[in-house]
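Trainee: I have a structure here, written as structure tokens, and I will follow up with some questions on it.
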Amino acid sequence: MSTKTITVVPGDHVGTEICDEAIKVLKAIEKVSPVKFEFKHHLIGGAAIDATGVPLPDETLEAAKSSDAVLLGAVGGPKWGTGAVRPEQGLLKIRKELNLYANLRPCNFVSDSLLELSPLKSEIVKGTNFTVVRELVGGIYFGERQEQEESSDGQSAWDTEKYSVEEVTRITRMAAFMALQHNPPLPIWSLDKANVLALSRLWRKTVDHVMSTEFPQLKVQHQLIDSAAMILVKSPSQLNGVIITSNMFGDIISDEASVIPGSLGLLPSASLASLPDTNSAFGLYEPCHGSAPDLPANKVNPVATILSVAMMLRLSLDCLKEAEALEKAVGQVLDAGIRTADLRGSSSTKEVGDAVAAAVEKILAEGK
């Protein structure tokens, strides 16, 4: 019997509720699986600022480093504003300190019964299935910058974006690895702005070199980021496969993609520090949605967090059977109409969590 250690950092507002449901599901899996989970709870974001004065306490970071994976709820809220110390700084710092260089965001439909919820026509989005692989610890978000008040005349501000061949190489290898998990391998789309930006030209050249020398069996196509943004609205399935792009472009394009399934409450994400080639890469898992400070208690959709746990089971905890069962359980629950208000349902957060926990326990028990 193996024990997997998970550092839980709920963060702010709905973060605690969604993490509670994720833990509920993992405890249900424990009942019918040889794997056991140990949970270590720590602070991040606004909750950490209130308690310690900093958005990422040292003890949180050390706990994360000594665990098999990290489960994050959500950070931020108007209470903490945009001052010098902000909740989001904790998220950026933990990504950097843990070297979580690859962010994976799937965009698909857990169930075809959700197609009608998309803001796009069902016939346009049906069959959409891609994963955005976003470089997460480089680029403009981590480049040198100058605030307006720091300039000599108080009339300018700037940020810099920089990528090295090494940084582009490792994110390309991650995209290739994800593509090779399928038979036949998935196509790869590399998004850049090579017609304007020098770093995009380095990006494109490096991607081509890595793909041609290390993964000649894979198909890679380059697409300008603005063109890809249009395709995503007009015909999203055209980008099916694996999308690889830089930090800022990935942030924007994955947020655009997040509205396709109809609710941010459906979309999981993983941030990895290495290739999951042994299904045991260290990673941080979180829903794509924010902290929803205006949402009443017990109303948030926990599905994105629960599906993030499924990714954790597959990529970090080497629990492939449990991951598949959990994804199947989520589909069954949604098909049964047990949904929160964002999916035109009337169920509460806890009711959805209870239903998924019961479903995954039953699926695993029947599979013994």
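Just so you know, glycine gets a Cβ as well, placed from its N, Cα and C.
Quick paste of what Swiss-Prot says about this protein:
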type    : residues                      : note
BINDING : 77-88, 290-301                : NAD(+) binding site
BINDING : ARG95, ARG105, ARG134, ASP226 : substrate binding site
BINDING : ASP226, ASP251, ASP255        : Mg(2+) binding site
SITE    : TYR141                        : site 'Important for catalysis'
SITE    : LYS193                        : site 'Important for catalysis'
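I would like each feature placed in context: is it buried or exposed, what are its neighbours, and how far apart are things?
Mentor: Residues within less than 8 Å, Cβ to Cβ, of PRO293 (NAD(+) binding site) and separated from it by at least 6 positions along the same chain comprise ASP12, HIS13, GLY77, PRO78, LYS79.
Reduced to three states, the DSSP call for ASP226 (substrate binding site) is helix.
DSSP gives ASP255 (Mg(2+) binding site) a helix state.
The Cβ neighbour count for TYR141 (site 'Important for catalysis'), using a 10 Å radius over every protein chain in view, is 17. Secondary structure from DSSP puts TYR141 (site 'Important for catalysis') in a helix.
Reduced to three states, the DSSP call for LYS193 (site 'Important for catalysis') is coil. If you take the C-beta of LYS193 (site 'Important for catalysis') and look for same-chain residues 6 or more apart in sequence within under 8 angstroms, you find SER200, LEU224, ILE225, ASP226, PHE249.
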Trainee: Which one is closest to ARG134 (substrate binding site) in space, judged by CA to CA distance, out of the recorded positions TYR141, ASP251, GLY290, PRO296, LYS299?
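Mentor: Given the candidates TYR141, ASP251, GLY290, PRO296, LYS299, the nearest one is ASP251.
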Trainee: Cβ neighbours within 10 Å, counted over all protein chains: which one of the binding-site residues ASP226, ASP251, ASP255 has the most?
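Mentor: Its Cβ has the most other Cβ atoms within 10 Å: ASP251.
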Trainee: Write out, in the order they occur in the sequence, the residues of the chain not among ASP226, ASP251, ASP255 that have a C-beta within 8 Å of the mean position of the C-beta atoms of the recorded Mg(2+) site.
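Mentor: Near the Mg(2+) site, the remaining chain residues are ILE225, ALA229, MET248, PHE249, GLY250, ILE252, ILE253, SER254, GLU256.
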Trainee: What does DSSP assign ARG105 (substrate binding site), in three states?
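Mentor: The residue in question, ARG105 (substrate binding site), is strand (DSSP, three-state).
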